[in-house]
Amino acid sequence: MEYIRIRGARTHNLKDINLDLPRNKLVVITGLSGSGKSSLAFDTLYAEGQRRYVESLSAYARQFLQLMEKPDVDLIEGLSPAISIEQKATSHNPRSTVGTVTEIHDYLRLLFARVGTPQCPEHHIELAAQTVSQMVDHVLALAEDTRLMILAPLIVGRKGEHVDLLDELRAQGFVRVRIDGKVHEMDALPKLDKNRKHTLEVVVDRLKVRADAKQRLAESFETALRHADGRALAVEMDRGKETLFSARFSCPVCDYSLPELEPRLFSFNNPMGACPKCDGLGAIQYFDPKRVVAFPHLSLASGAVKGWDRRNQFYFQMLQSLALHYGFDLETPFEKLPYPIQQILLHGGDKEKIAFRYPGERRPRSHPFEGIIANLERRYKETDSNAVREELAKYLNNKPCPACAGTRLRREARHVFVSGQTVYALSALPLKQALTFFETLRLSGNKQAIADRIVKEIAARLTFLNNVGLDYLSLDRSADTLSGGEAQRIRLASQIGSGLTGVMYVLDEPSIGLHQRDNARLLGTLKRLRDIGNTVIVVEHDEDAIRIADYVVDMGPGAGEHGGRIVAEGTPADILTNPASLTADYLSGRRSIALPKARRAPDAERMLTLSGATGNNLKNVTLELPAGLLVCVTGVSGSGKSTLINDTLYTAMARHLYGSAEEPAPHTEIQGLALFDKVINVDQSPIGRTPRSNPATYTGLFTPIRELFAGVPGARERGYGPGRFSFNVKGGRCEACQGDGVLKVEMHFLPDIYVPCDVCHGKRYNRETLEIQYKGKTIHEVLQMTVEDAHAFFSAVPVVARKLQTLLDVGLGYIQLGQAATTLSGGEAQRVKLSLELSKRDTGRTLYVLDEPTTGLHFHDIDMLLKVLHRLADQGNTVVVIEHNLDVIKTADWIVDIGPEGGDGGGQILATGTPEQVAANPASHTGHYLKPILAR
């Protein structure tokens, strides 16, 4: 079958659509935000492909797999098993890294176990293990008739008389023993000085080297190895030359030895390989003095340390006794106390006994002071209360494990080398350098043959990761620090590495977080996935992706209720000529996002200056941000944009303005903070984690709406207050479903199903509450309204209409007031937050930070978003946007371009200025792509 045939798809807002998609082609689905792209790609095609595959498995296997809900569709033919690659963070498990997620770490472990060369950590001598046959061959290569002595080294440099050991050897029939280099008969042993170190080796055999002595030598070596824990010594009696043999990896100088190398030794997720101090996490938690002394400018009595001030009698009386003993004043600010006193307060006073007076006790008790930090550590370990543990956890911070220096591995694994590199050093290299290492790796002898296949697999996977623009990441990068776009591209690279064919891949905006420069490589990867025999369906707004697709489906014409139809379909050339397609209007140039008529000029007097930023890959950067402008921070993926803006600037300002506990990335100082009274990070995290959260509750709309209902004559007669119209508290809600509107039915071996509550029929409220109507509508009907309909309905209520207008301004007219927060996309959640900011009374002194706000947005949506951002800047606010989208960058007042590359090759500010100035800068990758856009 050449097509995937869809008939009568009605999932979410889809309007009974019929569609034939070509198989084994690259299909791009585009359209306005909320027009039904994800409903078609993920909730219909992927859900049905996955569901059919899972249903073909046994009931036993099905219980371990999440079964998708059956989409509302009449017929789908020609489906393949489906794999979805969405923009979700891969894992919140601190043990997951880029290496483990892509399985490259598994191949690395195998490589080091098979061809690694261990070294002694102390003496840096290579350790070699030999078989008995190799030992015998080595000895037989000596000149014939060489007099030889085979010894078993039992004790090396240890104090004692060793009487018991010598008696045991005598009982076993040994005749001679060498003590401190001199051979003695067992019958005439010298008395050993128990305070001196001795080396003791038992003589296993004395013989002459002859060809027929092979069997005797083998037996002697085996005896020696058995007694000396895998070690044997061959001494040429005439020359005195000694050769140490080892059946294990052991150091000839000290007693350091290793068992056989195996892959488990190099895994930080296995007890055999993990650092015993941090259990393979690479970091340990500790009580951070900076968090413990949260307010160093205050005195101990006034609350420099929370819980130890004068309001807490027990601990404060303890501090009074301490102050009396050491002669300091509890009213002195903590930072002004002498350093030794600060250390005693935090870490205790050794074993010095101090007379402490306790509440309710007449006589003082003398004991050492344990220290505030030791007290917190003890309480954290001993408490059974989750509340206490959570409270104390606020003072915890992470630091690299001192035992393994953050490498996660135990000592033995850290000293095994392949071509001069350890497994942790290779994992720390940027993927670009790691690929170069494996492409040029040459090993000696049979090691090359053993390593060939493993190296080939590693290099192939690294190539795919580099091709999707992730060359700046390293294998040891923790998976929970990756952005959604990075996590998605890692999964994409893993899928290509798996080499599956005949599969339907469904991808969600793979170009997110990717600079224009890396876009071509990503699109090449998608084509490769298609060329090996797969159907690739991509939800995408990127112009280049739409132009290279084999088939394009444009959804619309509007969003939400106004969407869900196919506006245009066909090849990119077919789409461009379609007058009904909004996408075609922007692609063909019939419509465009206009350049501003005039850019706001920076004022040298109003600058926010961040100096000496060195977080992650930043190279001692000084950032100058002009206040009151729309500023775009640009640069290739991994160049340091998020580190500079989110981790340094935003976190430092939040700490200054709100006393936030989060530690900013290292920097020397920030000047110009007086220009701002608020800093707000409008990110794409959900507005709520439960279906009870919705746009009405988040934006504060629901409160005035409930007050309106409580003011209706019928509600006043019954004595209903605003609380009656909340589905979160008892009173007005339906108690059968506790205001959820649905009931969960657990189905063993099948997915849990949610059925409408049979008491309220999904309306969330009880019958009495639903009898109250405002302008002919119940509270349930109001929550079902779209923002657009609600704006017309509440036009006469200014407090409600103003908030609804801001939701319309950010392009969310199609969402329902009561739509569950869990069903909103990241881009929608971000715009709900933006609308909340717009609805607040403005001081014009706010710094807004947005990280890639164009995620999930069509050209038309971007146009609306830009109007909102410029409106914020017109009010005097400063808007900082981290962005790759050239339509956003071209409308900015000011650009800060970071680079030149990702990872170690980035972290510098390359260019600043207006878009025209940056476009003229030859050092800027962004400028290179911006130039033709500005010239249009």
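Positions of Cβ are set from backbone N, Cα and C atoms, glycine also.
Contacts of Lys37 (ATP binding site) defined by a Cβ separation under 8 A and a same-chain sequence distance of 6+ are given as Ile29, Thr30, Gly31, Val539, Met555, in order along the sequence. Annotated ATP binding site per TrEMBL: 31-38, 635-642, in sequence order.
Residues or ranges marked as domain 'ABC transporter' by TrEMBL: 599-931.
Residues or ranges marked as zinc finger in TrEMBL: 251-278 (among others). Looking just at the zinc finger (251-278), the mean pLDDT is 89.
Marked as zinc finger by TrEMBL: 734-760 (among others).
Long-range contacts of the zinc finger (251-278) within the same chain: residues 95, 100, 105-106, 108-110, 112-114, 116, 118, 120-123, 125, 127, 129, 156, 229-230, 244, 284, 401-404, 407-410, 412-413, 416, 423, each at least 6 residues beyond the stretch ends and with a Cβ under 8 Å from a Cβ of the stretch. For the binding-site residues listed here (Ser33, Gly635, Lys641), the lowest count of other CB atoms within 10 A around the CB belongs to Lys641. The Cβ of Ser35 (ATP binding site) lies under 8 Å from the Cβ of Met555, Gly556, Pro557, Gly558, Ala559, Gly563, Gly564, His858, each of these being in the same chain and 6 or more residues away along the sequence.
Fewest other C-beta atoms within 10 angstroms, among the binding-site residues Ser637, Ser639, are seen around Ser637.
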